[in-house]
Amino acid sequence: MTSCDFTEEPIKKIAIFGGTHGNELTGVFLVKHWLENGAEIQRTGLEVKPFITNPRAVEKCTRYIDCDLNRAFDLENLGKKVSEDLPYEVRRAQEINHLFGPKNSENSYDIIFDLHNTTSNMGCTLILEDSRNDFLIQMFHYIKTSLAPLPCYVYLIEHPSLKYATTRSIAKHPVGIEVGPQPQGVLRADILDQMRKMIKYALDFIHNFNEGKEFPPCSVEVYKIMDKVDYPRNESGEIAALIHPNLQDQDWKPLHPGDPVFVTIDGKTIPLGGDCTVYPVFVNEAAYYEKKEAFAKTTKLTLNAKSICYASH
C-alpha cells in the first residue's frame, strides 16, 4: 500500500484544441499537423483528439466571427435553444459542449489543452482555473521541471468576478497553454517548438500517472489574478496614454508603487498607484484593446499539491 492519495480512474479522454482564436496560429498549425499525423501525441491507453475549435475564424485569420469563443462557455449560452439567430461562436460552443462535454458531467473529457498565443512577452505560460486541483498542480510541476532552464509560468485565473467561461472549461481538468510573444496571424518556429514541448511533457506526465507512477508532494509558484487595468482615456473614451517603455515586455517582473506604467503623447508619466508590489501579465496584449485591458495585475503565491498516483484494481 502506498501513501499517496488515490485517484479512482485513470485519465482516458484528452482533447487538444487549436484555433479557439483564429489568428493565434501556433495551435492551429500544430493541431492541423496532428490531424494529419498524430503519432507524436499518442500514448498507450489514451484517446488524444486534436480539434480545430473555431474553423470559420481560422479560415478568415481573425480572433472570432461574432463574439469571443473563449468567453462563451457559461451555462446560459450552453443552454440556449439552438437557433440560426444565435452568434456563431455561441452555436459553436454548444456543438463543442456536445462533442466534449457536457460541462460539469461525468461524461465530459478528462483533460482539454487549449492552445493560445499572446502578443505579450509571457514566454511559456500554463493557465490554471482551480487552485485546489492537485492533479494539475502536479502536472504543471512536471512540465516546469521538464522545460527547465526555459522558464514556464503558471497564471491562476481563479477569481469571483474575473474568471471567465473558457472553451476548455467543459473538461474535468482544463489546461490553458499560452506562448508568446508572437504577433497575430504570424508563425514563429521558436514559439511553436516551446508549445510542442509543453504538450509532449503534459502527455508524458499523464502516461506516467496511468502507468502507476507515484508523484510525491510538490509546490508550484503561481501568479494569481488580482485586477485588470485599463488604459487612461479621454472624455471621448479614446486611449490617452501608452504602456510606458519601462513596463513594455516586462511581464512577470515585479512592479512597485510609483513605477512608471503609462506615458502620454506629451511625455507625462503615469505611475502605478496603490501600496503593494504586483506582477503584470498580458502587458499591451493586442487582443485586449477591445476589452479595455492594458495589463492584468497578479500577486505571487505558492500552491502545494498532495502526492498522487493511480492504483489499478
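Just so it is clear, glycine is given a Cβ too, placed from its N, Cα and C backbone atoms.
Annotations in TrEMBL come from automatic prediction, not curation.
On a predicted model such as this, the values are computed, not experimentally measured, just so you know.
Features of the protein shown, as given by TrEMBL:
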ACT_SITE  E178  active site, proton donor/acceptor
BINDING   R63, E178, Y288  N-acetyl-L-aspartate binding site
BINDING   N70, R71, Y164, A165, T166, T167, R168  substrate binding site
DOMAIN    11-206  domain 'Succinylglutamate desuccinylase/Aspartoacylase catalytic'
DOMAIN    219-299  domain 'AstE/AspA barrel-sandwich hybrid'
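Annotated N-acetyl-L-aspartate site R63, E178, Y288; additional same-chain residues within 8 Å of its Cβ mean position, judged by their own Cβ, are H21, E24, H116, N117, T118, T119, F282, E285, A286, A287. Taking DSSP states H, G and I as helix and E and B as strand, the domain 'AstE/AspA barrel-sandwich hybrid' (219-299) has 3 helix, 34 strand, 44 coil.
Ranked by how many other Cβ atoms sit within 10 Å of their Cβ, the binding-site residues R63, R71, R168 place R71 at the bottom.
Note: the substrate site is recorded as N70, R71, Y164, A165, T166, T167, R168; in the same chain, T20, D68, L69, A72, F73, D114, S169 also have Cβ atoms within 8 Å of that site's Cβ centroid. The residue listed as 'active site, proton donor/acceptor' is surrounded by 24 other CB atoms, counting those within 10 A of its CB over all protein chains shown.
Separating the Cα atoms of R168 (substrate binding site) and R63 (N-acetyl-L-aspartate binding site) is a whole-number distance of 17 Å. For A165 (substrate binding site), the same-chain residues 6+ apart in sequence whose C-beta sits under 8 angstroms from its C-beta are R71, A72, F73, D74, N77. A simple Cβ count within 10 Å picks out one of the binding-site residues N70, T166, T167 as the most packed, and that one is T167. On a Cα basis, E178 (active site, proton donor/acceptor) lies 14 Å away from T167 (substrate binding site). The separation of N70 (substrate binding site) from the residue listed as 'active site, proton donor/acceptor', Cα to Cα, is 13 Å.
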